[in-house]
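Straight from Swiss-Prot, the features:
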type: BINDING; residues: GLY37, GLY38, ARG64, ASN169; note: substrate binding site
type: SITE; residues: LYS5; note: site 'Transition state stabilizer'
type: SITE; residues: LYS226; note: site 'Transition state stabilizer'
Amino acid sequence: MITIKIGGSVVDDLHPSTIADIKKIAESEGVILVHGGGKEVTKVCEQLGKEPKFVTSPSGIKSRYTDKETAEIFTMVMSGRINKTIVQMLQKNGINAIGLSGVDAKVIEADRKKKLLIVNEKGRKQAIDGGYTGKIREVNASFIKSLLDQGLTPVISPIAISEESEFLNVDGDRAAAYVAGKVGSDKVLFITNVDGLLMDDKVVPKLTLAEAKEIRPKIGPGMEKKILASTEALDMGVTTALIANGQKENPISSAISHDNCTVIEHE
């Protein structure tokens, strides 16, 4: 079984062979898709006159600050347009996909963060209200497995539900890692717009789990989250994490074959 995270930046730019590639893999093993879409959320926020706000953690991770209004827009865009567009593409190509958010059947439960520690404009650490951002606590693995058993391909948007039944924004890469770990996927694949982790403009072909943890603080914000998610997935029992480019031919099967991508394994 493989869990695939499709980054929002590549949803509209996937290689034409990608859907057929997903279909081929889905026929031989279960496929779970988790998607992003942050850029589309930002675009809709601006169209609605809501200025997007981003914050940076002391470790350098940049993330969206999600107040109540942003959480509503995030839910609308992620679980509406983006999720259903992906499901439509899959259905059009003979893949029996079902679109879900983490709210449906409590697929992803999270705890609302009370405080966020950020670095402010003056470069100082500051604690601010956590807004509607969540830390993933649980995944409804049995429900996801039941969909796979019926021959369905789940397509999950990273909106979680809190104990108080609030919509919470959770990071898509980490959502994919938790889904992969809890469901028991042997592989998690992060599809992005570069060939993997780049160091000195060259793809790093292989990392052990220990090496990935050691190297993570030295990596730029976008890829840093993917390395973090990869290590979390492996810590939860996933065998292999892959980071690959979705804009080349047959990106899924190429990554599974370890062709021109970054592979992270326990040893």
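Including glycine, each Cβ sits where the backbone N, Cα and C put it.
Positions of Swiss-Prot features highlighted on the structure.
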{"residue": "LYS5", "record": "site 'Transition state stabilizer'", "CB count, 10 Å": "28"}
{"residue": "GLY37", "record": "substrate binding site", "CB count, 10 Å": "26"}
{"residue": "GLY38", "record": "substrate binding site", "CB count, 10 Å": "21"}
{"residue": "ARG64", "record": "substrate binding site", "CB count, 10 Å": "18"}
{"residue": "ASN169", "record": "substrate binding site", "CB count, 10 Å": "24"}
{"residue": "LYS226", "record": "site 'Transition state stabilizer'", "CB count, 10 Å": "25"}
Mapped onto three states, the DSSP assignment of GLY37 (substrate binding site) reads coil
As a whole number of Å, the Cα atom of GLY38 (substrate binding site) is distant from the Cα atom of LYS5 (site 'Transition state stabilizer') by 13
Reduced DSSP state (H/G/I helix, E/B strand, rest coil) at LYS226 (site 'Transition state stabilizer') is helix
Of all C-alpha pairs drawn from the substrate-binding set GLY37, GLY38, ARG64, ASN169, the farthest apart lie at a distance in Å of 12
Near substrate: residues not in GLY37, GLY38, ARG64, ASN169 with Cβ within 8 Å of the site Cβ centroid are GLY8, GLY36, VAL41, THR42, THR66, PHE74, MET78, PRO158, GLY172
